[in-house]
Amino acid sequence: MIKLEQVVEILKKDNNFREISSAGEYYFNWPKEVNFDQLSYDSRKSTKDTLFFAKGLNFKKEYLTDLEAAFYVSEFDYEVALPAIIVTDVKRAMALIAANFYEFPQNKLKTLALTGTKGKTTSAYFAKAILDKMNGGKTALLSTAQTTLDGQNYFKSELTTPESLDLLEMMAKALENGMTHLVMEVSSQAYKTERVYGLTFDVGVFLNISPDHIGPVEHPTLEDYFYCKRQLLKNSRYFVANAEMNHFAIIKEELNERKIPHAFYGADSENKIIESKGLHFVTDGSVSGEFDIRLLGRFNQENALATALATKALGASFENIRQGLASAIVPGRMELLTAKNGAHIYIDYAHNGLSLENLVEVVEDHHAGQLFLVLGSTGNKGESRRKDFGQVIENHPRLNVILTTDDSNRENPKTIADEIASFVSRELDFELDREFAIKKAISKTQNSDDAVIIAGKGADMFQLKDGKREPYIGDSPAAQKYL
């Protein structure tokens, strides 16, 4: 429960309160006592004792007409019968009010937050596995792939980083379930849309940066994308950063100026990988030793080193780190299947140019025969990826490419595929039925020298079409049908 008086006080302290509007009158303080038993931004979940948040560009006055709620919070006075708390920024208001309503669960958990263009989910699973070794399985996880609030039962995530109200409720639920640690991914959109406003993480990790999510509905420029991701830095008590990433200099400069304790990793840093072979690697630095992971690729080993440094800052021992990394399984990340003819099928969530480039390089290094790539791209977001995908394909002439449907949303998947193909000088194949495209690629393999890469969807069991998630068999189940 939270009182209206408390809500107003929170908003005033954050310089986010304008007035209360009711029946044509304005109030700086409400004359009566009001208690809210619930917070919601979903009208379907609102009751007479709910404080409702009217947010979003598409919110309409008629949504409030028959709404059952006590008050609503908004940046706009809709002049309806329901009294309104008018604010400057409704998303910031929701974040701070939710934190108070759920009694600041973020302060009772040890939190590790990861950002970066690629590798967040893999690193999140690495970190959870390590911390589970340390705390006996008491680590909650919020990732792009899955969420668990009790360390054991998983469900599909809706967003990389949940809305602030949902996030604080999840944190409270994790505490109720006996969790002591939380690992979560923090997207650039989370900072742009204030989903993590007011939160300070015990450890923040910045894995890498490359152009992605650039488009009219996400970030207008690379600068905006990078700036939003960089907000994790000043909202972390300890920070781990990749010294080899683009634009690292400003990260180092800001960390030093803000006097935030930190660790860097990379070839020219104190913490580095000095030997790498297959699934095995050796590190030097503050976490020095031999490690094994279940994923191929130097980039996965670098992510493992980043999470080793981050979890060490939370108290993990060398053995916790070694055992955790060795046991970590990441759904939809370099999942490996073997066809009857010996060909390998790699299923991976790689959904931007940098992650696809790294994936292709790893597979090329391990297969001398034919390489097949099944790939699509998202609709109505991340439009810059299409050029990036085209450039990866162009730079790897060994790839036999079948362009298909990803989450096309409200765009024509053939139009998306054509745009990818426009950046490639050689002929590509098209098959918009994703399952049939997978079947087609596998059928073309001949022996163990050959490989198929199925990129973009990972473990997703849906396809986004016309704004709705439609059931999809999943890349791995589809591939298994045709082995």
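Using the three backbone atoms N, Cα and C, a Cβ is placed for every residue, glycine included.
Features of the protein shown, as given by Swiss-Prot:
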type    : residues                                               : note
BINDING : GLY116, THR117, LYS118, GLY119, LYS120, THR121, THR122 : ATP binding site
MOD_RES : LYS229                                                 : N6-carboxylysine
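Its Cβ placed at the centre, GLY116 (ATP binding site) has 25 other Cβ atoms within 10 Å. Within the same chain, residues at least 6 positions away in sequence whose Cβ sits under 8 Å from that of THR121 (ATP binding site) are SER143, THR144, ALA145, GLU185, VAL330, ARG333, TYR349. Taking Cβ-Cβ distances under 8 Å and a sequence separation of 6 or more, the neighbours of THR122 (ATP binding site) in its chain are LEU295, ASN300, ASN303, VAL330, ARG333.
Around LYS118 (ATP binding site), the same-chain residues at least 6 positions away in sequence with a Cβ under 8 Å from its Cβ are LEU207, ASN208, SER210, PHE299, ALA350, ASN352, LEU354, SER355, ASN358. Within 10 Å of the C-beta of LYS120 (ATP binding site) we count 25 further C-beta atoms, all protein chains included. Cα of GLY116 (ATP binding site) to Cα of LYS229 (N6-carboxylysine): a span of 7 Å. For LYS229 (N6-carboxylysine) paired with THR117 (ATP binding site), the C-alpha to C-alpha distance reads 9 Å.
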